[in-house]
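Here the structure comes first, spelled out in structure tokens, and everything after it is commentary.
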Amino acid sequence: MTTAKRPLALLILDGWGYRENTHNNAIFHANTPVLDRLNAQYPHSLISGSGLDVGLPDGQMGNSEVGHINLGSGRVVYQELTRISKAIADHEFEQNPALCDAVDSAIKAGGAVHIMGLLSPGGVHSHEEHIEAMCRMAVARGATKVYLHAFLDGRDTPPRSAKSSLSHFDDLFTTLGHGRIASIIGRYFAMDRDNRWDRVSQAYDLITQGKSKFQYDNAVTALEAAYERNENDEFVSSSAITDADGQVATLQDGDALIFMNFRADRARQITRSFINPDFDGFERAVVPKMHFVTLTEYAGDIKAPIAYPSENLVNTLGEVLQKQGRTQLRISETEKYAHVTFFFNGGKEEPFEGEDRILINSPKVATYDLQPEMSSAELTDKLVAAIESTKYDVIICNYPNGDMVGHTGNFDAAVKACEAVDACIGCVVDALAKVGGECIITADHGNAEQMTDETTGQAHTAHTSELVPFVFVGRDATIDEGGKLSDVAPTILTLIGEAIPAEMTGKPLIHIKE
């Protein structure tokens, strides 16, 4: 007979930061009686999820991938943004073997170098400085046909801010004497991660066939036309950009295609559409035989050269739990499932022994402000059942609402999202109390606490650099101040009576009173 477990649950409230300023602060304005009560009754503090504390450049806002890697690994992990920017500054980037091979193969075949990625200074999924370095390197190596397929942001940047980036790259190509912007499309289409293949297919057809809803002779003109159609950057319809002869640039046999996003979750689907021989997400009219390179590792089953392979993280929380014969559950909606599994496990796809996973489908709506509660009720039902089963030592759960609805810029919807999560937490805490369990409530980064850009007056759809909550609902304890996300895994191990491995440099934040 299996011994009943007294589970320790880590509840990650995605996009839930703390901000003193209450103006357009959806979390402050939401009615959250459960969290209010827990903060009044139990020890709590604020911890850091941004900048140097998570291995990002100083002042850089945190994000979900980075947050979960730090949460699960128990150490500050040097992030891809910093790593690649350093390689560019040190002139190592221009000698990267995978990138050089791709450019050289296209030149040798008489083909073109196609560069695609999120053209943004946001630093969450990509950085336009990396894309510029790639364009410069391609031309320096002798490429005369260099085509940029720009995915537009408006989510980790202000909703209408792409013009300066497009103008800069127009000027860059003029200076280089070769290359041009070949297409633009919003990230809503090109970077879907929820198996909405009808969106991804529009980006694929744009790049491979030049098939587009609109066609212009200049990228800035195309963007301005999109704004006239009331499309913000994120939602810009497929737009092919023609050359002086009215021709579009499409991916052909013998070309190279270099994907410049460094974050994996929103890069996987479109990558698979280009390289998987048995791909069945949508009908591909053409499948060019080309040299495809990814900037970083997107998934174990994606077989393509990688410019910057992942650094191997050992003795993450999941691995330590496995070694100690502990059971664990990972649970979230589609939107954050990769975060509580792949990213939390330090970039490992396969579950650890004793690790179960539950995926709840996110609602099929165009944007989550249309259903701010998302699938939180179903998620909570499954989570409560798992707690009551007493099968698990540790449960990792992510509620995506604060982040996913925060990204829409819709204040009223974000308030509803926060209220939905609060009600769910009440159910979870009650279930834990029944079985003698405990929980830590925290977040990976901020978002919903700032819904308007105080400078521009536009909707603030990006993450923030605010501190995030850290609450312990359990035994009588004290909590250290000044913590960061990498302190969470060591804290969990201490609470369940396991030793902290040497690889974890984080410190336990919770101290049980004797």
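Cβ atoms are placed via backbone N, Cα and C, with glycine included.
Quick caveat, the model's predicted, so the values are computed rather than measured.
Other Cβ atoms within 10 Å of the Cβ of S64 (active site, phosphoserine intermediate), summed over all protein chains shown, number 29. Secondary structure at S64 (active site, phosphoserine intermediate), taken from DSSP and collapsed to helix, strand or coil, is helix. According to Swiss-Prot, the active site, phosphoserine intermediate annotation covers S64, on the basis of sequence analysis.
Per Swiss-Prot, Mn(2+) 2 binding site is recorded for D14, S64, D444, H445, and the stated evidence type is sequence analysis. For D444 (Mn(2+) 2 binding site), the same-chain residues 6+ apart in sequence whose C-beta sits under 8 angstroms from its C-beta are I12, D14, G15, G49, G62, N63, S64, V66, G67, H68, L71, H339, N398, D403, V468, L485.
Taken from Swiss-Prot, the feature substrate binding site applies to H125, R155, D156, R187, R193, R263, A264, D265, R266, K336. All protein chains included, A264 (substrate binding site) registers 24 other Cβ atoms within 10 Å of its own Cβ.
There are 24 other CB atoms within 10 A of the CB of H407 (Mn(2+) 1 binding site), with all protein chains counted. When secondary structure is read from DSSP and collapsed to three states, H407 (Mn(2+) 1 binding site) falls in the coil class. What Swiss-Prot records for D403, H407, H463 is Mn(2+) 1 binding site, and it gives sequence analysis as the kind of evidence.
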Pairwise Cα distance for R266 (substrate binding site)/H463 (Mn(2+) 1 binding site) [Å, integer]: 16
Binding-site residues compared (R193, R266, H445, H463) - the one with the fewest other Cβ atoms within 10 Å: R193
CB within-chain contacts under 8 A for D156 (substrate binding site), separation at least 6: M61, N63, S120, G122, G123, V124, H125, T461, A462, H463
Separation of alpha carbons, H407 (Mn(2+) 1 binding site) and H445 (Mn(2+) 2 binding site) (Å): 13
8 Å Cβ shell about D403, H407, H463 centroid, Mn(2+) 1 site members excluded: D14, G15, N63, S64, R155, D156, G402, M404, G406, H445, N447, A448, T461, A462
Rounded Cα separation (Å) that holds between A264 (substrate binding site) and H407 (Mn(2+) 1 binding site): 19
